[in-house]
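Here the structure comes first, spelled out in structure tokens, and everything after it is commentary.
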Amino acid sequence: MTSRRQSKPRRPAAAKPAPDASLRRRTRELIVGILPVVGLATVTRVALAEAYHIPSGSMEPTLQVGDWLFVNKLRYGPHVPFTHVSLPGYATPRRGDVAVFESPPQDPSIRTTPDAVTPTLVKRIVAVGGDTLAMRGGRLYVNGVPEAPGAPHNAPAGDAAAADFVGQPLPILRWQQRIATTAGSLGPAPAAPTLHDWGPLVVPADSYFMLGDNRDNSVDSRFYGPVPRANLRGTPTFVYYSYDPETGPEYLRAATSIRWQRLGTWIR
């Protein structure tokens with residue numbers, strides 16, 4: 001007598017997810033994976049650090065056109081986006097600091113330059129709130145004390161930007177009239193102030209007077225006045241990338257004209 005094997009019942013095949021449901025699931029997983037990365041990048045850029053590109057020669061020789069800088073935003077305190085509020089930092093801005101800041105309004109009577117159309121600039125703090133400063137014969141005086149000969153970092157005159165104003169009268173702007181003073185050992189301001197002869201001026205509280213190291217090729221506080229504390233964005237720490245924008249084929253310069261000796265340069 002033959003026995004028949006009983007076949008096991010087949011399990012019903014699992015239903016395949018509908019294409020739309022599968023696409024939604026993959027999209028959701030992608031978004032969930034990307035959001036933390038985007039959030040971390042946003043927090044880093046807004047509060048911790050940011051890259052800054054040097055567009056002009058106003059800070060030569062310290063900074064060169066084509067330098068890319070790592071900017072430390074924690075030093076002076078991170079800026080709250082879309083406001084004029086800055087959170088507390090771990091250091092106070094000092095004379096001699098190189099600082100990145102949002103430019104105050106620039107007078108339309110000043111020729112348009114690479115600096116003038118850039119809302120975020122980098123210059124050196126030469127005076128802080130309460131300081132009296134003036135320039136005579138190209139030499140800066142802060143609280144009556146002159147710079148050391150050759151200080152701080154003057155480069156040869158450039159061929160653009162403020163170079164057109166060398167030896168020419170500067171426009172008398174409203175901010176100059178507000179902070180002008182007759183006190184001090186240097187006497188009253190010249191009748192026709194120039195880039196090399198101006199002041200004395202008193203820097204308002206919680207403000208900073210900025211000058212480019214390349215004094216004859218810099219549109220700086222001599223044109224737009226002291227910079228409020230709320231405009232400061234950070235301090236550049238080092239050059240992480242640099243290329244020469246004047247050599248090699250234009251479309252390959254960023255890759256073929258790298259200034260290797262500039263990489264890692266600490267900014268002082």
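Cβ coordinates are placed from backbone N, Cα and C, and glycine is handled just like the others.
Any TrEMBL annotation is an automated prediction that lacks curation.
The region 'Disordered' feature in TrEMBL is assigned to 1-22. Taken from TrEMBL, the feature compositional bias 'Basic residues' covers 1-13. Summarising the annotation, TrEMBL assigns domain 'Peptidase S26' to 28-241. Per TrEMBL, active site is recorded for SER58, LYS123.
Taken together, the residues of the domain 'Peptidase S26' (28-241) have an average pLDDT of 80. Calculated from their C-alpha atoms, the gap between SER58 (active site) and LYS123 (active site) amounts to 8 Å.
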